[in-house]
Amino acid sequence: MSVGFIGAGQLAFALARGFTAAGILAAHKITASSPDTDLPTVSGLRKMGVNFTVSNKDTVKSSDVLFLAVKPPIIPFILEEVGPDIEARHIVVSCAAGVTISSIEKKLSTFCPTPKVIRCMTNTPVIVREGATVYATGTHADVEDGKLLEQLMASVGFCTEVEEDLIDAVTGLSGSGPAYAFTALDALADGGVKMGLPRRLAVRLGAQALLGAAKMLLESEQHPGQLKDNVCSPGGATIHALHFLESGGFRSLLINAVEASCIRTRELQHLADQEKISPAAIKKTLLDKVKLESPSLSVASASKVSLFTNKSKKN
Amino acid sequence: GKVPASNILASAPSDKNLDAWRELGCRTTHCNLEVVHRSTLVFLATKPHILPGVLQEIRPAVGSHHIVVSLVAGVTIQTLQRLLPPWTKVLRIMPNLPCVVQAGAMVFSRGSNAGDEEAALLKSLLSSCGLCEEVPESYIDIHTGLSGSGVAYVYLFAEALAEGAVKMGMPGALASRIAAQTLLGAAKMLLETGEHPAKLRGDVCTPGGTTIYALHQLEKGALRATVMDAVEAATNRACDMAKD
């Protein structure tokens, strides 16, 4: 089995690193492409032994499982570009937040009658094989296709199938989740430093504390509330600290965060569905390159860009 | 039904409250000493500032057969033992209001001369009024903050629940009854299942449902911290008052 990544950024790098470390895929069976060769992740991928190319078409041709690992606004451009090369054998896996299966299927169906599409939401810790991934299968993806993806993603962490309508919530929770954790860890380390610990040690201990707590929860039958109680001796240090967290509305802040990320994901999806994306969302170099490769795709100079106009139908 | 009413003697300076006792079938008197003379188990249930005077008064009649149980807020076992004869068996108890409906929460501690027998007697007697547990004396102020005053927090919460319902269009009397029943039912489930409240809370929360939306509001209002603050404030006040 060979795997391809359209896009050679953080996500492609993280997944490639994870798959190779897990031994589920050899580096030379992985291809990644991007027009931008200056990305730091590009040299990282090359060092791994991954085949790197500037041609997205080459990636498609040499892959069975094709990951779309570009930012959501770029997806339509990519689909337009590689659509003609998609065959029935390909499993197209989109990792783009807020991009629906139906929008991808709609786009690809002009090139291929029954495109196999799977939508997935993962997160960056796949890089250390502790990712959290969910996927939803499209109209023409079989059970085996889903299982194949599940096998791949399970090698780099937790993976389970869900209904597509839950994916936005997953984005808010575990997609963005590592960022919440990094923020918390930064602050915890600050607390340690304030109380006298050297920074490096503070970071190390903070990270280990969260790692250990997460591991305990995953391996325990107990409710996190119970596990919390187990740490809080009457009148002790921990309960004093927790009181501060509660006073600051810690819990509600986290609920707010998950909610905000989920809602924003839906907003972006809605914008995409309306086929109105501001060019500012797309890097200028990328836009120029796409214009060069697809002269038929017109880019309006007004503030809105229509991305789904099907030029092949226009006569 | 632990003790026949005729075996209970209550004293007070005026008749104001004694009628209620007589209605229950208890005997009454205006003489504190009489109570001590005619009882083995003597409950001290005066207001704190009255107690020293009362103890002076009954001191001569207190013997080693007596069991003196103080319900007086803020008066420590040390103080009680200081004001009573050195052989006195003293216990200190902190009840709460729902003892009245046999759903109270009480904690008690023993003084130096009170032994297992006295503790067991008290516990067995008071279990008829609700939950009764022996604790170190240092927990008594905490119990005040948690459960003594805690009853008032619950009344406040019940009132607010009902008000929310009234705002949404329900008549007040009905809302109040439902609010109370909700609290009763939830508390009963907690006590009977022995499950962690967080688990029971999670069980009620369907994904994307009404409950989780409401809980989010409660968390935004930092309800948890506020309640912790309340328990802390009441406990600290109890400690301060005891020092006076």
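Placed from the backbone N, Cα and C atoms, the Cβ positions cover glycine too.
Here is what TrEMBL says about this protein:
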- B:ASN32: NADPH binding site (BINDING)
- B:ALA45, B:THR46, B:LYS47, B:PRO48: NADP(+) binding site (BINDING)
- B:6-74: domain 'Pyrroline-5-carboxylate reductase catalytic N-terminal' (DOMAIN)
- B:137-239: domain 'Pyrroline-5-carboxylate reductase dimerisation' (DOMAIN)
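Neighbour counts of Cβ atoms within 10 Å were compared across the binding-site residues B:THR46, B:PRO48; the minimum falls on B:PRO48. Residue counts of the domain 'Pyrroline-5-carboxylate reductase dimerisation' (B:137-239) by helix, strand and coil are 87 helix, 0 strand, 16 coil (DSSP-based).
The secondary structure of B:ALA45 (NADP(+) binding site), as reduced to three states from DSSP, is coil rather than helix or strand. Residues B:LEU44, B:HIS49, B:ILE50, B:LEU51, B:LEU71, B:VAL72, B:ALA73 surround the recorded NADP(+) site, their Cβ atoms falling within 8 Å of the Cβ centroid of B:ALA45, B:THR46, B:LYS47, B:PRO48, which are themselves excluded.
Each residue contributes its Cα atom, and for B:THR46 (NADP(+) binding site) and B:ASN32 (NADPH binding site) those atoms are 11 Å apart.
Across the fold, the C-alpha of B:PRO48 (NADP(+) binding site) and the C-alpha of B:ASN32 (NADPH binding site) stand 16 Å from each other.
Between the C-alpha atoms of B:ASN32 (NADPH binding site) and B:ALA45 (NADP(+) binding site), the distance comes to 12 Å.
Just so you know, the Cβ of B:ASN32 (NADPH binding site) picks up 20 other Cβ atoms within 10 Å once every protein chain is counted. When other Cβ atoms within 10 Å of the Cβ of B:ALA45 (NADP(+) binding site) are tallied across all protein chains shown, the result is 15. Mean pLDDT for the domain 'Pyrroline-5-carboxylate reductase catalytic N-terminal' (B:6-74) in the predicted structure: 89. Using a 10 Å radius centred on the Cβ of B:LYS47 (NADP(+) binding site) and all shown protein chains, the other Cβ atoms total 9.
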